[in-house]
């Protein structure tokens, strides 16, 4: 089941409740065609991977959370474990990595676009 997240509080509660499980968060918008296209597959993955938590954030109704996670494109998928964004465990193609600037900057895993095969591959790798 995909949990709808509407606030920073709900987001923090989800990450806290996940413990050591992988959390996959889709940042999307109702007007986004690719978001609509990938939604059924994302829902199906939430039923297939029961040991992974799936969540969805509407970027238009959750602007504080969208800014906090530095979302610039929809759909964007971010993955978390132990309440933190997952850092790459293996080499990733440059287009799949996002670099943050400023103090403490590091490479994090962030997947943009409606490519369900790549998303599922990363879920299997990070479980």
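Using N, Cα and C of the backbone, Cβ positions are placed for all residues, glycine too.
Taken straight from Swiss-Prot:
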DISULFID  32-35  disulfide bond
DOMAIN    2-127  domain 'Thioredoxin'
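Counting residues per DSSP class in helix, strand and coil order gives 47 helix, 33 strand, 46 coil for the domain 'Thioredoxin' (2-127).
Within 10 Å of the Cβ of residue 35 (disulfide bond) there are 21 other Cβ atoms, across all protein chains.
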